[in-house]
Amino acid sequence: MVSMESSSKNDEPQNLPIFSKKNPNTAMTKKGVYVAISYMACAVLLVIFNKAALSSYSFPCANVITLFQMISSTLILYVLRRWKVISFTVQDSHTVATRTTNLVPFKKVLHCTPVALSYLLYMLVSMESIRGINVPMYTTLRRTTVFFTMMAEYFLARKKYSSYVVTCVGIIILGAFVAGARDLSFDYYSYTVVLISNITTAVYLACISSLGESSGLNSFGLMWCNGIICTPILLLWTAYSGDLDATMNFSYLYTTGFQAVIVLSCALAFLLNYSVFLNTTINSALTQTVCGNLKDLFTVGFGWLVFRGLPFDLLNIAGQCLSFLGSCLYAYCKLKGI
């Protein structure tokens, strides 16, 4: 969650990122590379902590973790805005000392509703998808997101990619199918939820890409809109479904270990959400998705070491390596601007 921000054409470090429509086949800048690496580091750690809360502690309410993450993210943004550390609009990004403490106008909040709702759906489904499946297979199935993202970008933003990039995406998806062909812990429900999560992720990233520029907000502004729109909805839902009551009665609620996991999960969710906006706007939605595939190598390693759960299988290893190769080839194409 589930993030701090950049990018102007002159690569000025004091500026927050500006949303712009770019050629999807242009090369990545040095700043884009740093942003992509930051995203991957946050993503690996967040998956591990979320998995620890849901599996190791058997916490039954994934939606409540998402709610905690949204509330903490919104509070952090509010404090930073009031202290004039950040701005919410592109226009204010160039002036720090004279920046006002105004929040986002209601009209712009309404404009960002599609992004916020797609974010809520993405977070809820993503959190549920990690519960019933081991970490290595979760990351393998998530690699198919690249296909859905490519389709969403084409239909929503009319972006087209070179044949080299399409080939790399094909290798990634092939590797995912090879890796999952003989998964001995196959669970139909869990696999279905992960694939739905892939679709919601693609829609969310495409919404950021298509609506970000027209909103006039920077990444912090969009994150703020996500929080104030989604938090009340999720709060009502968790109260209605009984998740809040179940949380209050959770046996590990007041243990130091569980609380530490939740706090770190909320902090990482803020950083990850921020880095997702940065990576999607500075690079592209497809680059953001492929970065998710590159970080999977480390997630798979941590998953095997910490949670076990996936019997050794040569076909699975081959599929993991094939997908990782496709991700590396895509990264090479982006760095070279192919």
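We number each residue from 1, going along the chain as drawn.
Yeah, the Cβs are placed from backbone N, Cα and C, and that goes for glycine too.
Curation does not apply to TrEMBL; its annotations are automatic.
Here TrEMBL flags 32-330 as domain 'Sugar phosphate transporter'. The feature region 'Disordered' is assigned by TrEMBL to 1-21. Summarising the annotation, TrEMBL assigns transmembrane segment to 32-51, 57-80, 161-182, 188-208, 220-240, 252-272.
A Cβ distance under 8 Å defines the sequence-distant neighbours of the transmembrane segment (220-240), meaning residues of its chain 6+ beyond its ends; these are 3-5, 16, 61, 63-64, 66-67, 70-71, 73-74, 77-78, 80-81, 86-89, 103-104, 108-109, 112-113, 115-117, 119-120, 123-124, 208, 212, 273-274, 277. Count of Cβ pairs under 8 Å against the transmembrane segment (57-80): among 32-51, 188-208, 252-272, the largest is for 252-272. Below 8 angstroms of C-beta separation, residues 114-115, 118-119, 121-122, 125-126, 128-129, 131-133, 138, 141-142, 144-145, 148-149, 151-153, 156-157, 180, 222, 276-277, 280-281, 285, 288-289 of the same chain, each at least six residues beyond the ends of the transmembrane segment (188-208), sit close to that stretch.
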